[in-house]
Amino acid sequence: MDRASYRTQILTRHLLTHQPTTTDHLNTTPCISYTPPELNEPRPDFDTLLLRKLLDGQSVEDIDYIFNLMKQSALFCPKERGGKVFIGPDYNQSMEQQREMTMRRIEYLRDQGAFDGWFDKKGPEGDLWRFALAESVSVYDHSLGIKLGVHFFLWGGAIRFMGTKRHHDKWFKPTETYQVKGCFAMTELGHGSNVRGIETITRYDASTGEFIINTPCESAQKYWIGGAANHATHTVVFSQLEINGVNQGVHAFIAQIRDENGNVCPNIRIADCGHKIGLNGVDNGRIWFDNLRIPRENLLNSVADVSPDGQYLSAIKDPDQRFAAFLAPLTSGRVTIAASSMNTTKIGLAIAIRYSLSRRAFSIRPNEPEVLLLDYPSHQRRLLPLLAKTYALSFASNYLKMIYVKRTPESIKTVHVVSSALKAVLTWHCMRTLQECREACGGQGLKTENHVGHLKSEYDVQLTFEGDNNVLMQQISKALLAEFLAAKKRNKPIRGLGLEHLNKPAPIIPTQLTSSTLRTTQFQTDIFCLRERDLLNRFVTEVSQHQAQGESKEHIFTVTYQTAEDLGRAFSDRLILQTYLDVEATVPEGSLKSVLGLMRSMYTTIVLEEDASFLRYGYLSTDNAAVVRKEVLKLCSELRPHALSLVSSFGIPDAFLGPIAFNWVDANAWSSV
């Protein structure tokens, strides 16, 4: 037998006698399939509709109305993915196309009557309706929310609050119908937060009864003006007002920048700010004024006026008080930013948490199913504290809206301080949450259609828009310092801004913390108040020491910024806790109150763990800090069964979330290509 035949016989016997005893693993291991979280997660043991009402208050119907309007139109780019229809902007479009789509969506909402009665609806109910509309459209697209906000809240708000009857009669109706498209020219290339330093100059010509607006240098060009690049026909111009050679400070004027055909007006130059990291549906532009003449009546004159013969008139003689009164009505911008940041945060959390309740990774033991992402303690630690904090900050946002809509001349200072605090804290929280949600979604978080990653670049501007957050923290501390010193000078107890706790003895914190102690409202209130009290005293001492050395006020606030920022955060956190307790007190005993208590404890405990000031200034010992750290993990495990119910209570329709929040397998199947 030759060698080849011999080898053939050996191989034949081998194949016949060695049949496989197990089937191929490729044939027996099932493919991953999607299971809706609702099938496996515990049913909510509390009323989710009631919880949503705590979040959205009396605006639930107004919000849902706008949601439904957007879902009904093809302009909002409906797309079927994984058996569901989602709506969202098409970010594959060019910047120019995105801008035109934003304008077309606004025109659709206008034609549906969404803006009818914008200036007619009065009182708190009218303001809350306006806020609800602005927040709702931002859930779909932040560019849409910003574009509407510039037109109605900034341009329209300036006319409403800074103008008088002559302006209301002339501009309200064309603004509501978009016959006039307004923008808001405050920021300049050389000045943003420092509004007083803007360089645009306006002089009065008594011989013609006109103001002359001029851009004297390149740093005075108006910059980042939303709507200016393409669509705006008119703007409110913020400018120094010079009368008879005397600078009377910053004032606001109405100027036309385009005619009815969209052509740029004479003595106006406009350039595009160009492509941005986000918000490319907003046409931000730059404006130069070349001795532009406007009628005397175009001065917004609620605070000051100029007579036909050129005399400056104002009942407020002090320039500082006049400037404060002039800008006070613009607080609504910070209110809307704070509120919209919470909606953006909720979108990120709803998507990331729903995904983590259906996506699995790794097995704990051989031959066992892979583990849900949210069943890993590390994943719980990433998302659940942010979820609890979002509820706490949402309640604070509602408080801000209520004190704004019910504002009085006496409460303007409180509204200013609270809006500064919450605008900063809420927008910081939004960006941090979106980043964590992006990472928690892995590679899917990078896809634009899943929203989370893209929302970061869309929302980033809000950290500096309407005031840089770090500057706002320092403003808060200056206001607290002023209240403290004023009370001391009067030799009276301090009142307002929630500082009444300073009139009581300093709280005493237990030397050894336990889990039960950490969850009591008494301890939570005490340690937040202790921190605020101590930091305010430290700030007062620092400022006084520098004053004793003859240093200027401006220099003092520059060198004490670290304590000022710590104090600003302490004020904000104590305020947020108090608003949470106020909401919690309205809920009767039962399962919902228990969940609210759980989230409150999570909020306070995560603040204790993450803010270094508690260790830096000795409010927590290192041993107690370790107890706090363990408590966070314990609270995460207790919140875990409620995760789905809590994000469902946000009330965001499925269509506004991303495909990975639902059947991400089918959404990525070959059939969907």
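Please read every residue number as a count from 1 along the shown chain.
Just so you know, glycine gets a Cβ as well, placed from its N, Cα and C.
Caution: TrEMBL annotation is automatic and unverified by curators.
According to TrEMBL, the protein has these features:
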type     : residues       : note
DOMAIN   : 183-291        : domain 'Acyl-CoA oxidase/dehydrogenase middle'
BINDING  : Thr187, Gly226 : FAD binding site
DOMAIN   : 330-481        : domain 'Acyl-CoA oxidase C-alpha1'
ACT_SITE : Glu466         : active site, proton acceptor
DOMAIN   : 525-658        : domain 'Acyl-CoA oxidase C-terminal'
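Counting residue by residue with DSSP, the domain 'Acyl-CoA oxidase C-terminal' (525-658) contains 110 helix, 0 strand, 24 coil. For the domain 'Acyl-CoA oxidase/dehydrogenase middle' (183-291), the model's average pLDDT works out to 97. A separation of roughly 13 Å, to the nearest angstrom, links the Cα atoms of Gly226 (FAD binding site) and Glu466 (active site, proton acceptor).
On the backbone, the CA of Thr187 (FAD binding site) and the CA of the residue listed as 'active site, proton acceptor' stand 10 Å apart.
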